[in-house]
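The structure appears below as structure tokens.
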Amino acid sequence: MTRATAPVTRRPAPAPADPKARAAPPLPLLLLGLTLALLALMLVAVGVGSVSVPPDETWRVVLAQLTGGTGTDPVHTQIIWDFRVPRVLLAALAGTGLAVAGVVLQAVVANPIADPYVLGVSSGAALGAVLALSFLPLTIGWIGVSSAAFLGAVLSAGLAFLLGRRAGRLAPTRLVLSGVAIGYLFLAATSYLQLRATPGELRSVMFWMLGSVSGASWQQLPVAATVILTTTAALVLLARRLNTLLMGDESATALGVDVHRLRAVLLVLAALLTGTVIAVAGGIGFVGLVVPHLVRLSCGGDHRRLLPLAAVTGAVYLVAVDLLSRTVDRPNELPIGIFTALFGAPFFLWLLRRNTSLDAA
Amino acid sequence: MRLTVEDLCVALGGRPVLHDVTLDAGEREIVGLVGPNGSGKSTVLRAVYRSLRPERGAVRVCGDDVWRLSARQAACRTAAVLQDATGNPVGLSVSEVVAMGRTPHHGLLGRDDAGDHRAVREALAACTAGHLAAREFTSLSGGERQRVLLARALVQRPRLLVLDELTNHLDIRARFELLDLVRSTGVTTLAVLHDLDLAVRLCDRVVVLHEGEVVASGPVLETLTSALLAEVFGVAATVRRHDDGVVRVTYAADPLGTAAPTPVRG
């Protein structure tokens, strides 16, 4: 990795220290390659766990379930089909949702340090979940707690955006700092409620704060998949307009884009994505920061490429991190959020140091 | 007329900033908008590229009120090169930035076709920036950036070009290069130029704004009289055609009149 630590003084000099002309492969080829990699990784991830299942057996079980065939080992079938397949699918969906939300938020504020986690959204979700666990009757069950987490996430995002505005426009630095402040406020409330919680409730509070895909079940998947995939598709259609936001509001307006309406639409979609992911997988941090940047660094920032590539790369990333989180300390599992933070936080700091344009903002 | 601005009144945050501004620009004409800081030049431009809705009055491009057109329709007619401080196009190549100029010509499902790619190449070549196509936009020098943004504006296939301080912060050679480029496009242009010397070189006509009002307009030589420069800009200067045929601004030895016992402004 070249360290572009140009002094903050002036625009870079014209000729020599120049990034090479990008000759990235065409988008369909990249997408195909990444999707195949994702499928292969998912197959491996389904086979690995506290009980190891050989890849050919894994493949037979998955195939048998998909085609309605029989004759596979019942224990393996249960482990793979009831636990691991939904878990891996959920990891992939959550990765996609968070990566796409990150791309969108970074375009909305024309600043690469935006990320759903940085905006205090996961603290909001945790608070919503803890409130539901503490004050609502247990009969509301899993759906009720998920809905409360979703509402908390959307509420904190809305607050951050309201407080992050100056004279009707989103000011990036203000938005990020508002998000951090809201995150702490909600964390304080959550901590207070935790003191009153029973050990059982405490476990589930940890789940919402650190995030996990270990509790995945088939029932959660259809709604989450529908929301995440249709929202991503809608955003891909808006990709060209997202590009114009990077040039600044006035320039985007002069390109025929209704900036205020576009930004409102994008914020709603980003909050929807994040809220949905958090409702099923808790607050998994930094995915929306790491994945968009990896794609941007390797394939450029044009959203017509960036969005679809980040969607698939996000899935690959989170499936891989989930695999790591349950193999590092076998047979114990560590929360996935610990690993995303472990990779994400240093990446965030590296990004802050590298990105001199932030100083201007 | 390509552009007509009629009795334009604009208020920002309740404070009126433009009063009955009227101006026009004909086919292939380059009209300069000059005036001191805060006189409302950029506000006029914002009303023209449909960013600011006027309280009263109208902006017509090719005969149609821009606020009766959709944002996209208006952007198919008017392109702008602006000093946009909030922009930060990380990771975009020069040709991707220029391709943005095709945005108003496409709907949600529109994809760039061979024609769009050709338009991008041609515009870059016209702005002597063809060799920059694969470079990262944020790695360009100031002069290169402005040439690329001008190419983006041309890719919009505009009938009116709006330029806000196109040559700000650029070295002197880059300034003249850009002026030549603007003239070579042949597109009707409304330009705010801070530097009076560049304005008189580039423009066919000038419109002088002072405190939100048009105080003079017309051909450069007749309009920018010494009396007007003293009144509006507060400097002692003359604009005249030199022997080599070039119109230049000459500032007095004591342009502020501070050394003289009788200042220029009464």
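From the backbone N, Cα and C atoms, a Cβ is placed for every residue, glycine too.
The compositional bias 'Low complexity' annotation in TrEMBL covers A:1-12.
Marked as region 'Disordered' by TrEMBL: A:1-21.
Per TrEMBL, the feature transmembrane segment maps to A:29-53 (among others).
For the transmembrane segment (A:88-110), same-chain residues at least 6 beyond its ends with a Cβ under 8 Å from one of its own Cβ atoms are 38, 42, 45-46, 116, 119, 164, 170, 172, 175-176, 213, 216, 220-221, 224-225, 228-229, 231-232, 235, 242-243, 245-246, 248, 263, 266-267, 269-270, 273-274, 276-277, 280-281, 284, 287-289, 291-292, 303, 306-307, 310-319, 321-322, 336. What TrEMBL lists as transmembrane segment is A:88-110 (among others).
Under the heading transmembrane segment, TrEMBL lists A:117-136 (among others).
Taken from TrEMBL, the feature transmembrane segment applies to A:142-163 (among others). Cβ atoms under 8 Å from those of the transmembrane segment (A:142-163) belong to residues 116, 119-129, 131-133, 136, 170, 174-175, 178-179, 181-183, 186, 204, 208, 220, 267, 270-272, 274-276, 278-280, 282 of the same chain, restricted to positions at least 6 beyond its ends.
Summarising the annotation, TrEMBL assigns transmembrane segment to A:175-195 (among others).
The transmembrane segment annotation in TrEMBL covers A:215-238 (among others). Taking Cβ pairs closer than 8 Å, the transmembrane segment (A:215-238) reaches residues 82-83, 86-87, 89-91, 93, 96-97, 100, 103-104, 146, 207, 262, 265-266, 269, 272-273, 276-277, 279-281, 304, 307-308, 311 in its own chain, all 6 or more past its ends.
Taken from TrEMBL, the feature transmembrane segment applies to A:264-286 (among others).
Per TrEMBL, the feature transmembrane segment maps to A:306-324 (among others).
Beyond the transmembrane segment (A:336-352), the same-chain residues lying 6 or more positions past its ends with a Cβ under 8 Å from any Cβ of the stretch are 91, 112-113, 115, 117-118, 209-213, 282-287, 289-290, 293, 318, 321-322, 324-325, 358. The transmembrane segment annotation in TrEMBL covers A:336-352 (among others).
Taking Cβ pairs closer than 8 Å, the transmembrane segment (A:117-136) reaches residues 105, 144-157, 159-160, 175-176, 178-187, 189-190, 193-194, 196-197, 201, 204-205, 208-209, 211, 271, 274-275, 278-279, 282-289, 344, 348 in its own chain, all 6 or more past its ends. Using the rule of three or more Cβ pairs under 8 Å, pairs at least 6 apart in sequence, the transmembrane segment (A:306-324) is in contact with the transmembrane segment (A:29-53). With a threshold of 8 Å between CB atoms, the same-chain residues lying at least 6 positions outside the transmembrane segment (A:264-286) that come near it are 90-91, 93-94, 97-98, 100-101, 104-105, 107-108, 115-117, 121-123, 125-126, 146-147, 149-151, 153-154, 157-158, 161, 207-213, 216, 220, 223-224, 227-228, 231-232, 234-235, 238, 242, 318, 336-337, 340-341, 343-345, 347-348.
Here the transmembrane segment (A:175-195) has long-range neighbours at 109, 111, 113-114, 118-124, 126-127, 130-131, 134, 152, 156, 159-161, 163-164, 202, 205, 209, meaning same-chain residues at least 6 beyond its ends whose C-beta is under 8 angstroms from one of its own.
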